[in-house]
Ligand code: HEM
């Protein structure tokens with residue numbers, strides 16, 4: 001188990017299991033695209049204020065697991081309350097910003113989009129659902145989206161290992 005930092009704001013203690021840097025690989029698909037494999041690095045940090053700062057970077061992987069080129073990246077803030085309610089704000093370079101609402105309990109987070117806003121050039125994306133869970137020390141997640149006229153369904157999922165236990169903000 002990760003140690004809870006002394007200066008951690010009590011509101012976000014329910015999310016403390018996310019702190020650190022995580023790396024691993026996942027798979028993606030959607031009815032409108034070709035299936036793919038990707039590598040990912042995710043970082044959650046805290047600085048004593050009532051939120052975790054979050055970044056995710058991904059890369060297309062070839063059949064040997066080598067990075068081919070960058071794929072999706074996103075950044076934002078994760079907040080919780082002691083009752084387990086969760087609010088997440090995310091920004092994507094593809095012109096999409098989101099507010100997510102949900103719950104956390106015992107190493108698990110489930111969130112759904114409350115608000116999605118898009119720039120004129122953004123692809124048609126209307127809703128998302130994310131499930132994160134700590135399973136045997138690894139962070140697994142599944143992301144479903146409604147986009148390109150398709151109903152909510154799987155887009156990406158991955159399994160990440162903690163690679164860094166340095167959890168203070170830089
Ligand atoms: C691990 C994170 C993700 C990875 C690795 C990933 C990767 C990809 C790839 C490779 C494609 C197909 C080629 C392309 O258009 O670039 C794609 C399409 C797409 N992705 Fe993602 N994606 C991720 C997360 C997201 C998120 C968070 C959103 C929405 C906020 C999103 C929305 C879309 C949309 C709308 C398409 C277009 C489908 C189409 O053109 O038919 N993706 N994604």
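Glycine too: its Cβ is placed from the backbone N, Cα and C atoms.
Please treat TrEMBL annotations as automatic predictions, because they have not gone through curation.
Quick look at what TrEMBL annotates:
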- 32, 123, 155: heme b binding site (BINDING)
- 12-162: domain 'THAP4-like heme-binding' (DOMAIN)
- 20-26: motif 'GXWXGXG' (MOTIF)
How many other Cβ atoms sit within 10 Å of the Cβ of residue 123 (heme b binding site)? 11
For the motif 'GXWXGXG' (20-26), the distant same-chain contacts (Cβ-Cβ under 8 Å, at least six residues beyond its ends) come to 2, 37-44, 58, 61, 65, 138-139, 156-167
What are the non-local neighbours of residue 32 (heme b binding site), defined as same-chain residues 6+ apart in sequence with CB under 8 A from its CB? 147, 148, 150
Within the motif 'GXWXGXG' (20-26), how many residues are helix, strand or coil going by DSSP? 0 helix, 7 strand, 0 coil
When you average the Cβ positions of 32, 123, 155 for the heme b site, which other residues in that chain have a Cβ within 8 Å of that mean position? 30, 33, 125, 145, 147, 148, 150
Cβ-Cβ distance under 8 Å, sequence separation of 6 or more, same chain as residue 155 (heme b binding site); the residues meeting this, in order, are 28, 29, 30, 143, 144, 145, 147
By a three-class reduction of DSSP, residue 32 (heme b binding site) is assigned coil
Taking DSSP as the reference, which of helix, strand or coil describes residue 155 (heme b binding site)? strand
Residue 123 (heme b binding site) in three-state DSSP notation: coil
